[in-house]
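Engineer: Pasting a structure below so you can have a look.
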Amino acid sequence: MRAISASPLYLPLFFLLFSTLLYRPTFAAKRSYVVYLGAHSHTFQLSTSDLNRVRDTHYEFLGSCLGSKDKAKDAIFYSYTRHINGFAAILEDEEASQIAKHPTVVSVFLNKGRQLHTTRSWDFMGLEDNGVISSSSIWKKASFGENTIIGNLDTGVWPESKSFRDEGMGPIPLKWKGACINGADATFRCNRKLIGARYFNKGYASVVGPLNSTFNSPRDHEGHGSHTLSTAGGNFVSDASVFGYGNGTAKGGSPNSRVVAYKVCFPPVNGNECFDADILAAFDMAIHDGVDVLSVSLGGDAVPFFNDSVAIGSFHAVKNGVVVVCSAGNSGPDDGTVSNVATWQITVGASTMDRQFPSYAVLSNNMSFKGESLSAKSLPKNKFFPIISSLDAKAAKADAKDAQLCKAGSLDPKKAKGKILVCLRGDNARVDKGQEAALAGAVGMVLANNLLSGNEIIADPHVFPATHITYTDGLAVYSFLNSTKNPMAYITHPSTKLDTKPAPFMAAFSSKGPNTITLEILKPDITAPGVSIIAAYTESQGPTNQDFDTRRVQYNCVSGTSMSCPHVSGIVGLLKTLHPDWSPAAIKSAIMTSARTRDNAVEPITNASHTKATPFSYGAGHVQPNRAMDPGLVYDLTTFDQELI
């Protein structure tokens with residue numbers, strides 16, 4: 001890893017450019033900023049009076065810039081007092097520019113938003129074999145991650161989920177210093193499994209305006225946080241499935257761990273759910289609370305580390321012995337799209353596993369194409385229906401491209417009624433396309449990949465019969481439509497198929513290197529299962545997260561690097577239990593040096609287009625938990641080797 005320091009030559013130039021960009025001649029609107037001052041020099045044990053003194057120094061510092069301490073108190077909405085030294089405040093752009101020039105200030109950056117970036121996967125990675133856990137499994141050797149504390153920065157948690165029940169668990173570890181802050185939600189309860197929960201929304205409120213009391217709770221209304229946290233540390237839950245598909249025992253990577261939810265993500269604003277000021281506040285508190293692992297399935301475009309809340313927060317966490325695992329992002333397959341690129345983070349790409357949910361599109365010329373789906377509804381068996389391109393169902397005033405993509409309002413019910421529509425992937429959500437087709441009266445949908453998506457197909461809980469096919473198969477279907485007078489087809493009911501090959505291959509959505517901030521450092525570091533992962537979910541929304549979906553599920557199937565990240569977080573929990581003296585760098589080294597670059601057909605890992613993938617996609621390779629227990633040579637690092645300030 002490359003050492004990083006605040007060069008005296010670099011900072012003045014940076015501040016000059018920063019102040020030039022922020023200069024406003026008159027009456028600039030106030031916005032929320034983070035002022036980063038580095039690390040605190042105080043000890044880990046702090047009294048309330050100690051924290052108040054630190055907060056007072058922030059008031060005094062900002063007061064000297066704004067003209068009074070009272071103005072500073074009104075402006076500051078977060079004071080980072082425990083490990084991260086700094087504060088978040090409402091400032092005019094020119095005020096932020098002047099503060100950035102102060103010699104004690106490391107950086108000043110806008111409180112920007114970031115985006116949110118699993119039953120069979122543990123079998124695929126060798127921790128069990130058809131439900132049988134061998135004595136050589138890291139699960140057995142590490143006591144299933146017993147008493148390791150895994151924290152999760154996400155959308156919160158659904159505490160009633162069976163994945164977070166505490167039957168049979170002993171007392172909460174003495175090292176835990178956290179709390180269960182339920183805010184305005186009197187129904188929210190922690191236990192000996194879910195030992196803590198907090199919410200951080202002041203940075204979000206500084207952007208969207210005043211919040212009502214429903215925001216003052218760590219409860220997960222979106223599902224993402226429950227899914228990721230249960231993947232990392234959920235306990236064993238039998239008979240978990242999505243509408244009967246993928247039935248098995250759900251479990252996290254460290255099933256006997258204790259878990260903590262830090263809610264930092266809320267309903268999206270201009271595409272952003274998680275804001276820097278809240279992320280930093282959660283990191284600062286999580287270090288204080290005593291977590292061993294932090295799972296962070298969120299991110300944005302790669303930016304310089306001094307302006308990156310996840311990089312800053314994770315550095316201070318690693319400095320205090322906390323391993324931080326981050327998602328690589330879902331902006332693939334383009335090069336240079338990987339996020340969370342700091343050297344001290346474990347950055348995880350997403351790949352497939354050996355389970356599929358096949359659903360076939362069968363054409364009247366006897367050709368059939370295997371897709372995937374989790375549709376609960378099905379067409380009558382072997383009954384053919386007319387099939388047309390969604391472009392041929394275009395509404396009179398709709399754009400042709402919108403109709404091809406099955407966007408809202410683009411389809412004519414008179415043309416679509418009673419037919420199977422072929423919709424093209426891209427732009428709008430896959431499940432939204434199905435909903436639009438259903439609203440237009442279609443009986444089913446074949447979702448065909450675009451060129452960028454290649455052969456990556458995803459099982460979604462569509463609201464009506466549908467299947468998702470590859471780009472190559474999509475071309476064949478379109479060719480059939482264009483060459484047949486009365487094209488007909490039907491869609492088979494989905495099933496669950498195991499031991500598929502090749503697996504893994506890289507998901508098309510998984511963000512790729514190179515690292516655009518520190519070119520010498522390869523990112524992502526590793527890849528793990530991130531496609532069609534079944535894990536716990538919220539019961540506040542349906543499995544598609546759309547308003548039209550009134551269904552409710554306890555477990556849901558979701559894809560993304562958000563799902564691959566907690567797989568590695570769970571593995572880290574096992575390694576922390578097994579090797580409590582290993583540093584975060586040693587654990588990262590063990591995971592990377594024991595990885596595999598071949599699939600289950602003993603061929604090089606490929607990408608979604610079936611061409612050979614590279615380390616810019618998978619990093620060191622696909623994670624192998626059992627081999628990481630005893631990797632042989634370990635590359636260790638100290639804080640000095642990767643110093644931020």
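Every residue, even glycine, has its Cβ placed from backbone N, Cα and C.
These numbers come from a predicted model, not from an experiment.
In case it's useful when we look at the structure, here is the feature table from TrEMBL:
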- Asp154: active site, charge relay system (ACT_SITE)
- His224: active site, charge relay system (ACT_SITE)
- Ser562: active site, charge relay system (ACT_SITE)
- 32-117: domain 'Inhibitor I9' (DOMAIN)
- 145-621: domain 'Peptidase S8/S53' (DOMAIN)
- 402-476: domain 'PA' (DOMAIN)
- 1-28: signal peptide (SIGNAL)
Engineer: In sequence order, what residues of the same chain, 6+ apart, have a Cβ less than 8 Å from the Cβ of Ser562 (active site, charge relay system)?
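Structural biologist: Those within reach of Ser562 (active site, charge relay system), by Cβ under 8 Å and sequence separation of 6 or more, are Leu116, His117, His224, His227, Thr228, Ser297, Leu298, Ser327, Asn330, Gly530.
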Engineer: Averaged over the whole of the domain 'PA' (402-476), what is the pLDDT?
Structural biologist: 94
Engineer: By a simple count, how many Cβ atoms lie within 10 Å of the Cβ of Asp154 (active site, charge relay system), its own Cβ left out?
Structural biologist: 29
Engineer: Counting across all protein chains present, how many other Cβ atoms fall within 10 Å of the Cβ of His224 (active site, charge relay system)?
Structural biologist: 26
